Amino acid sequence: MGLLFKQPEGTAGKAWPAILISGFVAFGGILFGYDTGTISGILAMPYWARTFSTGYRDSTGQLNVTSSQSSAIVSILSAGTFFGALGASPMGDIIGRRWGLIASNGIFVLGVVLQTIATSIPPFLAGRFFAGLGVGLISALVPLYQSETAPKWIRGFIVGAYQFAITVGLLLASVLNNATHHRNDSGSYRIPIAVQFAWSIILVGGMLILPETPRYLVKKDNIQAAARSLSKLRRLPEDHAAIREELAEIQANHSFEMSLGRSGYMECFQGNLLKRLVTGCLLQALQQLSGINFIMYYGTQFFKNSGFQNEFVITLITNCVNVGSTLPGLYAIDKWGRRPVLLTGAIGMAVSQLLVAVLGTTTTGQDSRGNIIVHDAAAQKAAIAFICLYIFFFAASWGPSAWVITGEIFPLKTRAKSLSMTTATNWLLNWALSFSTPYLVNYGDGNANLQSKIFFIWFGCCFLCIGFVHFMIYETKGLTLEEVDELYMEVDSARDSVKWQPRGVARGEKEAHGAETDFAVETAKGASEQQEVIGDAGRSL
C-alpha cells in the first residue's frame, strides 16, 4: 500500500485503521461475487442437470433443464437483489450501516441453506431468491459504509476494493466449480454452495467489532459516538483538533442540509439531486449492459455450447484476468481520476466486444441440430483473447468505478435512499439480462439463437458509455464527500468539473448553522473553545 499511496503531508493521524476497516467491509463483495459465479458452473454440471431435470433432454440426448428453467434459476437471484437493494435504505437509516450488514448476512445464510438441501427446482429457486435478497442489501450497504469511513485521498481505492472482492469471489467460485464438477454425486454442486457459510461467518465476525460510521452517527445526533468513531478511524484522541474539525465539517454540512427540509424519497427527484440520481442509475445500468455478467453467469455454458474444450478451465482463466485487472484500476481511479479511467475503459471495452462479435460470427456455423461447427480454431482462440481483453478494460475501469462514484455523489441526508436506488438499478438490469440471455443465445424453438452475435449488442452499449462519461460524469478525485456536494451545487456541466476547486459549501449559510451547533465533544477546554472550533471549521470550508 505504501508503495502506491502516500498520505498527504499535513494530514493528521493515521490512515491505515480506516483503510483496514473499510477494506475488511469490502469482504461483502466475496458473497456477491461467489454467489454470482457459482451458478455458471453448476448449470454445466452433469450430475446437477440430471438431478434437477424435469424430463427435458438437450440436443445431445442428455437430461437437462430447459432454457426457461435455466433463465428462472439464474435470474431469480437478481430479482432478490433488486428488492434487497431497495430495502437497504430503510435498514441502513433505521438500524445503522453496521447492524444492517449483520442482519443482511442472516437473510443470505437462509438462502444458502435452502440451496444446499434442495433436490428439485422450487426449493432451489427459493434459496436463490433469499440469497439474492441478502446480497442486494449487502451490495448497497458496503459502499455506503466504505464511503462514509474512508479518507478522501484514498476513497476511490477503498470503495473500489469492493469490486476487487467481487472478482475474488467469482474466481473462488470458478476454482470450486472446477474442483467438483467431475464428481458424480450431490457434492458436485453442494460443496461449492455450502462454502458460502464461511464467507458469511467471517463478515459477521468482523462487523461485530467494527465501529459505526461517523456520518450515520451525526445523522442520528449521537455526536459523542461520532467522535469516538472518528477517533478509531483516524487513530487520534477524541479531543484532537483534527477530529473536532472533521466532525465540525460533517455536522455543519448535515445541519445545512436539514435546514433545507426533511429528507424523503421525493427529495431525491428534485433539483440537482435528480441529476445525481440519474447519473448513478445510468452508470449502474451501463455497467450491466456492457455484457460482463453474460460472461460471469453464462460463460461456462456459452463456451461449452460454442465448441470450446475445457470450458471450466477457460472460465477459470477469465476470472483470473478479472481479479488481476481490478488492481491497476483501484490505483488509477485515485491517481488519474474518475473521468479518464471510465472513458478509457469504455473505448477499450467497445473495441474488444466488436472484435469478439466479428470473429465469433464469421468463423463458426451450426448443423441442423444446433451444434456449433468451428471453421477456424485459431480465430476462436483469438476470440477468447479479446474476451479477456474486454474483461481487463472492464475490471480496471467500470467495475470498481461504478461503486465508487455512486457511493460519493449523494449528500448525507439522501445518501442511503439514493444509493439503494442506484444499486437496485444495477440489479434490475442484472435480472433482465440474466433472464433474457438464454432466449437470446440458445438454439431451439422460441429462442433467438444469436450465439456470438450477442456481442454486437454489448458493443453498442459500450459505445454509448463513451458519450455518457463525457456528458454526465463529474470529476470527484481527492474531494471530501462534503466537497462533492459543493461541486454539484456550483458546477452545471460535468466537463467543467475537472477545473473546479473547493471553496466551502454555501459558506455563509453553513457558518450560520454551524455557529448554532452543539458538537458535544467533551474536552477540558470547555464550551467556549468548542464554539471557536466551529467558527474555524466553517471558515476552512
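Positions of Cβ are set from backbone N, Cα and C atoms, glycine also.
Under the DSSP three-state reduction, Asn64 (N-linked glycosylation site) is assigned to coil, being neither helix nor strand. For Asn64 (N-linked glycosylation site), the count of additional Cβ atoms within 10 Å of its Cβ stands at 23 [all protein chains shown]. The feature N-linked glycosylation site is assigned by Swiss-Prot to Asn64 (among others).
Residues or ranges marked as N-linked glycosylation site in Swiss-Prot: Asn178 (among others). Cβ neighbour count for Asn178 (N-linked glycosylation site) (all protein chains, 10 Å cutoff from its Cβ): 18. DSSP assigns Asn178 (N-linked glycosylation site) to a helix in the three-state reduction.
The number of other CB atoms found within 10 A of the CB of Asn184 (N-linked glycosylation site), across every protein chain shown, is 10. Under the DSSP three-state reduction, Asn184 (N-linked glycosylation site) is assigned to coil, being neither helix nor strand. According to Swiss-Prot, the feature N-linked glycosylation site maps to Asn184 (among others), an assignment based on sequence analysis.
When other Cβ atoms within 10 Å of the Cβ of Asn253 (N-linked glycosylation site) are tallied across all protein chains shown, the result is 27. Per Swiss-Prot, the feature N-linked glycosylation site maps to Asn253 (among others); the stated evidence is sequence analysis.
Sequence-distant contacts of the transmembrane segment (15-35) (same chain, at least 6 residues past either end, Cβ-Cβ under 8 Å): 1, 7, 77, 101, 105, 108, 131-132, 134-135, 138-139, 141-142, 145-146, 149-151, 153-154, 158-159, 161-173, 195-196, 199-200, 202-203, 206-207, 210-211, 232-235. What Swiss-Prot lists as transmembrane segment is 15-35 (among others), and the listing cites sequence analysis.
Remote same-chain partners of the transmembrane segment (72-92), defined as residues 6 or more beyond its termini with a Cβ less than 8 Å from a stretch Cβ, comprise 35-36, 39, 43, 65, 100, 103-104, 107, 111, 121, 124-125, 128-141, 144, 216, 297-298, 416-417, 419-421, 423-424, 426-428, 430-431, 434-435, 437-438. What Swiss-Prot records for 72-92 (among others) is transmembrane segment, and it gives sequence analysis as the kind of evidence.
What Swiss-Prot records for 106-126 (among others) is transmembrane segment, and it gives sequence analysis as the kind of evidence.
The transmembrane segment annotation in Swiss-Prot covers 129-149 (among others). Beyond the ends of the transmembrane segment (129-149), by six or more residues, the same chain brings 18, 21-22, 25-26, 28-29, 31-32, 35, 76-89, 91-92, 97-98, 100-101, 103-112, 114-115, 155, 158-159, 161-162, 196, 211, 213-216, 233, 403-404, 406-408, 415-416, 419-420, 423-424, 426-427, 481 to within a C-beta distance below 8 angstroms of the stretch.
Annotated transmembrane segment per Swiss-Prot: 156-176 (among others), in sequence order. Distant neighbours of the transmembrane segment (156-176): 5, 18-19, 22-23, 25-38, 40-41, 142-143, 146-147, 150, 191-192, 195, 199, 296, 312, 315-316, 319-320, 322-323, 326-327, 329-331, 333-334, 338, 395, 399-404, 407-408, 477; these residues of the same chain sit at least 6 beyond its ends, with a Cβ under 8 Å from one of its Cβ atoms.
Feature annotation from Swiss-Prot assigns transmembrane segment to 191-211 (among others); the stated evidence is sequence analysis.
Beyond the transmembrane segment (277-297), the same-chain residues lying 6 or more positions past its ends with a Cβ under 8 Å from any Cβ of the stretch are 36-37, 39-40, 74, 170, 268-269, 318, 349, 353, 387, 390-391, 394, 398-399, 402, 405-406, 409-410, 418-419, 421-423, 425-426, 429-430, 433-434, 437, 454-455, 457-458, 461-462, 464-465, 468, 472-474. The feature transmembrane segment is assigned by Swiss-Prot to 277-297 (among others).
The feature transmembrane segment is assigned by Swiss-Prot to 313-333 (among others), with sequence analysis given as support. Note on the transmembrane segment (313-333): residues 4, 37, 40-41, 156-157, 160-161, 163-164, 167-168, 170-171, 173-175, 177-178, 295, 299-300, 303, 340-341, 345, 384, 387-388, 391-397, 399-401, 404, 477 of its chain, located 6 or more positions outside it, place their CB under 8 angstroms from a CB of the stretch.
The transmembrane segment annotation in Swiss-Prot covers 340-360 (among others). Away from its own ends, the transmembrane segment (340-360) comes close to residues 290-291, 306, 329, 332-333, 379-380, 382-383, 386-387, 389-390, 392-394, 396-398, 401, 451-456, 458-459, 462-463, 465-466, 468-470, 473 of its chain (Cβ-Cβ under 8 Å, at least six residues beyond either end).
The annotation transmembrane segment is assigned in Swiss-Prot to 384-404 (among others) on the grounds of sequence analysis.
What Swiss-Prot lists as transmembrane segment is 418-440 (among others), and the listing cites sequence analysis. Long-range contacts of the transmembrane segment (418-440) within the same chain: residues 67-68, 70-72, 74-75, 77-79, 81-82, 84-89, 92, 136, 139-140, 143-144, 268, 273, 276-277, 280-281, 283-285, 287-289, 293-294, 297-298, 402, 406-407, 410, 446-448, 450, 454, each at least 6 residues beyond the stretch ends and with a Cβ under 8 Å from a Cβ of the stretch.
Residues annotated as transmembrane segment in Swiss-Prot: 454-474 (among others).
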Task: Residue from Asn178, Asn184, Asn253 whose C-alpha is spatially nearest that of Asn64 (N-linked glycosylation site), among the glycosylation sites - done: Asn184
Task: Long-range Cβ neighbours of the transmembrane segment (384-404) (under 8 Å; 6 or more residues past either end) - done: 143, 155-156, 159-164, 166-167, 283-284, 286-287, 290-292, 295, 308, 314, 317-318, 321-326, 328-330, 332-333, 338, 341-342, 344-346, 348-349, 352-353, 355-356, 359, 426, 465
